[in-house]
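**Student:** Here's a structure for you.
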Amino acid sequence: MRAILVGLAVLLPAVAFAGAPQFGFQSWFGGFDKAELQVGFATYQANCARCHSLNLVSPGDLQSLGLTPAQVTALLAKGKPPALSKTKPDAGGAIAGDLSLYEAGHRRGAAAVFDLMTGYRPALPNMTMLPGHYYNIAYPGGQIAMAPALQPGSVMLADGKAASVPVMAHDVAAFLAWTADPTLDERKATGLRAIFFLLVLGVVGFVVMATRMTR
């Protein structure tokens with residue numbers, strides 16, 4: 001019985017999140033939602049920045065999310081990420097890596113971050129947990145050294161309500177997608193303009209050719 005439970009714990013990550021949320025920027029014509037990105041940055045700053053850095057993101061980059069210089073300064077003053085070489089004592093000595101390009105190197109991108117952030121569960125009965133590890137159905141093997149990162153009430157939304165864990169997970173996943181590819185919207189806009197130009201050029205060419213053929 002114990003072997004069956006442990007086996008299920010290993011297999012669950014592959015099937016647990018079939019209904020993962022959608023992200024608008026993943027569609028052909030969609031883009032980043034600045035409101036989501038602002039909540040995502042606030043979530044990172046309140047829950048992740050004490051361990052994970054964003055070395056490739058500058059204050060100027062954050063202003064492109066719609067934040068004012070004063071807001072950026074105030075948010076950054078809440079805490080400075082530690083150096084990459086520092087280890088977190090309660091994570092078994094594991095190094096907390098930089099998150100700037102995390103989603104660029106992950107096949108499932110934002111969905112993987114959302115799944116991980118919302119995948120913490122009580123350990124299965126009779127399951128032997130490694131010291132300092134937590135049960136997470138989205139993590140390979142089901143055991144992860146990182147404690148549940150998103151704390152309820154740590155981020156307030158524009159309407160004055162506290163962001164729920166699923167909302168924080170969704171928006172921090174979107175934010176990390178932006179840090180990994182901040183020019184995505186610009187490239188899509190350039191691509192759409194190019195497609196429109198080629199369509200117009202094609203129509204003009206067709207009309208000219210048809211006119212010549214009727215002479």
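Each position is counted from 1, following the chain as shown.
Backbone N, Cα and C atoms are what each Cβ position is placed from, and that goes for glycine too.
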**Student:** Which single residue out of MET146, MET156, MET209 does TrEMBL record at the heme c site shared with CYS48, CYS51, HIS52?
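**Tutor:** Only hit among MET146, MET156, MET209 in TrEMBL's heme c site, alongside CYS48, CYS51, HIS52: MET146.
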**Student:** Through the lens of DSSP with three states only, how would you label HIS52 (heme c binding site)?
**Tutor:** coil
**Student:** DSSP three-state call for MET146 (heme c binding site): helix, strand or coil?
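**Tutor:** DSSP call for MET146 (heme c binding site): coil, neither helix nor strand.
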